[in-house]
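Asks: Annotations for this protein, taken from Swiss-Prot, read as follows:
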type    : residues                                                                    : note
BINDING : Ala3, Leu4, His5, Phe6, Gly7, Ala8, Gly9, Asn10, Ile11, Gly12, Arg13, Gly14 : NAD(+) binding site
Amino acid sequence: MNALHFGAGNIGRGFIGKLLADSGVFVTFADINQTQIDQINQNKQYGVKIVGDASRVEVVKNIAAINSKDEEAVIEQVKSVELITTAVGPNVLGFIAPLFAKALAARLEAGNTQPLNIIACENMVRGTSFFKAKIFENLTDSQQAEIEKFVGFVDSAVDRIVPPAELNEADPLEVTVEEFSEWIVDKTQFKGQIPDIKGMELTDNLMAFVERKLFTLNTGHLISAYLGKQAGVKWIKEAIAIDSVKAAVKATMEESGAVLIKRYNFDPQAHAAYIEKILKRFANPYLNDDVNRVGREPIRKLSPNDRLIKPLLGTLEYGLPHKNLVNGVVMALQYRNEEDPQAVELAQFIADNGVAAAVEKYTGLTNQEVIDQVVALYN
C-alpha cells in the first residue's frame with residue numbers, strides 16, 4: 001500500500017508516518033523543507049526516540065519525500081496512492097486545499113476510481129470535514145459528485161506529545177516522542193476497504209473521543225503552559241511539578257470532564273483515571289515541552305470550537321461549574337509573546353478596543369455574566 005503524508009515535521013515523522021511505515025505502508029512525505037526532503041530521500045530511514053520509563057530508538061524505513069510546492073509531483077502522487085494523511089497544522093489545511101482540488105480532479109481525469117481515503121490528523125474538531133469543505137470550494141458540482149463516489153474524507157482524533165528535540169548530528173531526522181499515542185478514526189467515513197494500520201483505532205462515535213482529547217489533553221496542556229509561563233518556568237514538566245499548578249490544571253480538566261460525562265455518559269471513575277494518566281504524561285521527565293510552544297496561537301485557541309470555549313459552552317449548556325475554564329480564557333487573553341503573530345495581534349486588539357470587545361470578537365461568547373467575569377479577572 002502507498003500513502004502520501006503531508007507534513008514531514010515532528011508529528012508527521014514521529015507519529016502518523018511511523019504508524020503507517022510500521023504497518024508496511026510505503027510513505028511519501030510532502031513538505032516545503034527541502035533540506036529535510038533531501039535527507040529523507042538520501043537516508044531512506046530515520047530514528048524515532050521513544051522516551052519514558054524504558055527509552056528506545058525505533059527505525060522507520062520504506063519512505064521517500066517530495067516538495068509540496070512541486071505541484072506536478074504532488075498531483076502524480078495523488079493520482080495513484082490509496083491513502084493520504086496530513087499533519088500540517090489547522091491553519092495550513094486551507095492553503096493546501098486548492099492544490100488538493102487540482103490533484104483530485106487530475107485523478108478523476110486519469111480514470112482512477114479506486115477508493116482513496118484522506119485523513120487529516122490535526123488538533124481540531126472534524127479537521128478532515130473542514131479540509132473537505134475547503135477542497136470542494138475549488139471544484140465544480142459535477143467534480144464534487146464524482147469525487148464523493150470514491151474518496152473518503154475520514155475524521156480523526158490524534159494524541160501524542162511530540163516536542164522539538166535537540167538535533168542528533170548522526171541522524172538529523174530523528175524525532176523524540178512519548179510512549180503514549182492514540183489515533184482514532186471514524187470508521188463510517190471510509191470508502192472501500194478500511195486499511196489495516198497498527199495503532200489506528202476505529203469508532204462509530206468519534207465526537208466522544210475528539211472532545212475527550214480536546215477537553216482533557218489539550219485543555220490541560222494549555223492551562224499548564226499559561227500557569228508555567230506565569231511561574232517563570234520553561235518546560236511543562238516543571239510547571240506540573242508545582243503543586244498549585246497541578247491542582248489548577250486538574251480542576252480545569254474536571255470541569256471540562258463533567259461536560260463529557262453529561263454529554264457522552266462517560267464513566268466518572270474511568271474519566272478520572274484518564275485525567276490522572278494525562279497529568280502523568282505532562283510530568284514525563286524525558287520530554288522537554290516548551291510552555292511557549294504549547295501556549296502559542298492564542299487566537300486559534302480562543303475560537304468557539306477549541307479547547308477553552310467549547311468546554312466552557314458545554315458547562316453553560318448543562319449548568320455546570322466553570323470557574324477554572326473562565327480563568328483559562330483570561331490567561332489566553334493575557335498571553336504575551338513577541339515572536340507569536342497571534343499573541344501580538346491579540347494584545348494590540350485589546351489595547352485598542354478593550355477586553356470585552358476581544359472576547360466578543362475571538363470567542364463568540366454571548367453569555368454576559370461570563371463575559372463580565374472574564375473582564376473583571378483580566379483587569
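The backbone N, Cα and C atoms fix where each Cβ goes, glycine too.
Describe each of these features in terms of where it is and what it packs against.
Replies: In this structure, Ala3 (NAD(+) binding site) is part of a beta strand by DSSP. Cβ contacts within 10 Å of Ala3 (NAD(+) binding site), excluding its own Cβ and spanning all protein chains shown: 24.
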Asks: Among the binding-site residues listed here (Gly7, Gly9), identify the one with the smallest other-Cβ count within 10 Å.
Replies: Gly9
Asks: Within 10 angstroms of the C-beta of Arg13 (NAD(+) binding site), what count of other C-beta atoms is obtained when all protein chains are considered?
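Replies: There are 29 of them.
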Asks: Just counting, how many other CB atoms are there within 10 A of the CB of His5 (NAD(+) binding site)?
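Replies: That number is 28.
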